[in-house]
């Protein structure tokens, strides 16, 4: 139980900017399996802020921009940075140089464009979203896609934090936190079956697409998986709620 608590704290410390007491020991090895639960915490916070903005009658476009800004602040832009680096890498035709480009901390044109598309999709979708509870599902499923990418596909670098997540995970055993969370949310915040199935389909397809382009995954592509899954889920849920 102590190890699970340290893994959970490690997930909070690594994947968010939420404060953790320095007196609390954290453990990164094995922390990745708790990513969807981190999404639950962040999604719940965003849902609460959305309720407050609605109560204050803040115009929908402004409220959506505030939510996305808070979304970025809570994660420190960790996943968006990975999506940008991945986009820059995929813009290079030479597959051997892609990892080198992705490791460059400087943002390129394709990375900036990818970030703009992701943020625009999120802001515009949120401005039309009817049920704020969907935010919880979006953040949970986005991180479940990352867990699937870690479990299913090879890691392309010999070292790095992503390598720790890959080598310390024991799958399929370590899917139990994700499975439990999806089961709980299905009862507490039920989604229409079609939307849930589409979300699960994205969880399979998006990591597979990056695998086909890169030959595996890196920490950057894990971030890209989270961001694109979240953005496309928001679009799908918005369209589904409007139809």
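Yeah, the Cβs are placed from backbone N, Cα and C, and that goes for glycine too.
Within the set 8-28, 155-175, the record from Swiss-Prot flags 8-28 under the feature transmembrane segment. Beyond the transmembrane segment (131-151), the same-chain residues lying 6 or more positions past its ends with a Cβ under 8 Å from any Cβ of the stretch are 15, 32-33, 35-36, 38-40, 42-44, 46-47, 50-51, 54, 67, 162, 165-166, 169, 171-172, 174-175, 178, 181-182, 185, 189, 191, 199-200, 202-204, 206-207, 210-211, 217, 221-222, 225-227, 229-230, 233-234, 237, 241.
Below 8 A, the CB atoms of the transmembrane segment (107-127) and the transmembrane segment (222-242) form 3+ pairs separated by six or more positions in the chain.
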